[in-house]
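A.B. asks: This is the structure I want to talk about, given as structure tokens.
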């Protein structure tokens, strides 16, 4: 019963609103007053692009629904609200309802109103700090900084800074005394800021009138456009000083169409036998079928977000000419995961708190790679070689044979490079190559909203002769541009197996801040020469996680939500 009563009340209010609209449209027809009023800008003052879009919409209504827009008959929602004592929100709601019936067409408009803040009211009442301080300095014919601060406090500091900036007061450095640098007497001074605030208080409800009055008291400029710009800059300055605050007022122009009527027939969706027999259907409006609306999308069978992002990265790498590496082995020996990458055996990353060590089998097989390569790695770690001093410690074969869950896919990069080194030793030629991989890695880390014990690493590398830092930066710029990050910054960092090394930061447009999006560098000679490559061969490489760009792209706050049913809804 209560719902029915509310519905009847809404119907009655809508009928009264229609009657009021009819009266206003009639006044427009008779020329009895312009209902655009001074509360907002004229409808005809719209930009050319907006006007063109509006005309196109009117033409579409005429062709598709036989609706003719009567542009000369219009009224604003603000006028309807004030004249007929209806809440503005209700006017907006009823106008939108009528637009769905094509009785009217609505155009949303907005303008700013300005009012004084508490600080602005204080300045209007007591005078602005810049005027008060300048007047005091002129009356005293000079004073000290201490006198000014003691007498006016914080207000004195504000006024002094403004006057020093405008060069109306000079500070003599020898004795810290202040002197006026303006002509005339203290009594002839005009408080300009106070004058501006008076205009805001008087005309703040009408942005156009406020700009016009401010132009009247500002120094004359050459050209109407410059004067208006000066007035707008002054308003911005007052807002910046928090002396005034702006409030955006949104309203609509309600424009009549040829379908407008003072009564609304109740809509029905079905014609029944009784409605036709009793001819009651004439009281109602039969709702038309909408053959263009889409049904509700069923959330099933969706591709996982990480798989979707992984495919995107693969497409980028392939388009840039990269080949995918074999990364199927989740379990690696410490040799490939650490030692071959010139990471010392006492490095913190090889501790239990960072790495998952395998219990069974604890050690890898005896002949896990060429013995000569193992000896080269042992020598460069223990005593150094290839121009390096090494790490100078007792290298142990037992430690390098321990099995681990790989902590990075760079271990697979190392395997791929070693195969190329063996081909070079056979043929004596270096064929430039580009490799990439995207696969899981494992870290013994505490779980939180941004860290997981397992995640995906995206890695790319290029091998060629005499590659340098400029090649790396150029490649990174091209790669990240493909994935939608065009603004990059590079920061020096340290990696055991690359030198030089760089962290890559990308600018996130939505969050308006720089985020770390990867790590990069040039593989060290201690790593490449031990494999058997000649000195002129270089390898540039970079890596990033798959999860972070996925979280940014799909606005996911908790990394754990990437796994499970939530990630496909």
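Indices start at 1 and increase along the chain as displayed.
Every residue gets a Cβ built from N, Cα and C, even glycine.
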A.B. asks: Swiss-Prot records 410, 457, 458, 459, 497 as L-phenylalanine-binding residues. Which of 389, 479, 523 is assigned to the same site?
C.D. replies: 523
A.B. asks: Quick one: among the binding-site residues 410, 457, which has the most Cβ atoms sitting within 10 Å of its own Cβ?
C.D. replies: 410
A.B. asks: Quick one: among the binding-site residues 459, 499, which has the most Cβ atoms sitting within 10 Å of its own Cβ?
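C.D. replies: The residue with the most neighbouring Cβ atoms within 10 Å is 459.
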A.B. asks: Other than its own, how many Cβ atoms are within 10 Å of the Cβ belonging to residue 523 (L-phenylalanine binding site)?
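C.D. replies: There are 27 such Cβ atoms around residue 523 (L-phenylalanine binding site).
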A.B. asks: For residue 523 (L-phenylalanine binding site) and residue 499 (Mg(2+) binding site), what Cα-Cα distance in Å is obtained after rounding to a whole number?
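C.D. replies: So the Cα of residue 499 (Mg(2+) binding site) lies 6 Å away from that of residue 523 (L-phenylalanine binding site).
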A.B. asks: So if I measure Cβ to Cβ from residue 458 (L-phenylalanine binding site) and keep only same-chain residues at least 6 apart in sequence, which ones fall under 8 Å?
C.D. replies: 313, 436, 437, 438, 543, 544, 545, 546
A.B. asks: Take the C-alpha atoms of residue 457 (L-phenylalanine binding site) and residue 499 (Mg(2+) binding site) and report the distance between them in angstrom, rounded.
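C.D. replies: Answer for this pair: 21 Å between alpha carbons.
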A.B. asks: Roughly how many Å separate the Cα of residue 410 (L-phenylalanine binding site) from that of residue 499 (Mg(2+) binding site), to the nearest whole number?
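C.D. replies: Their Cα atoms are separated by 15 Å.
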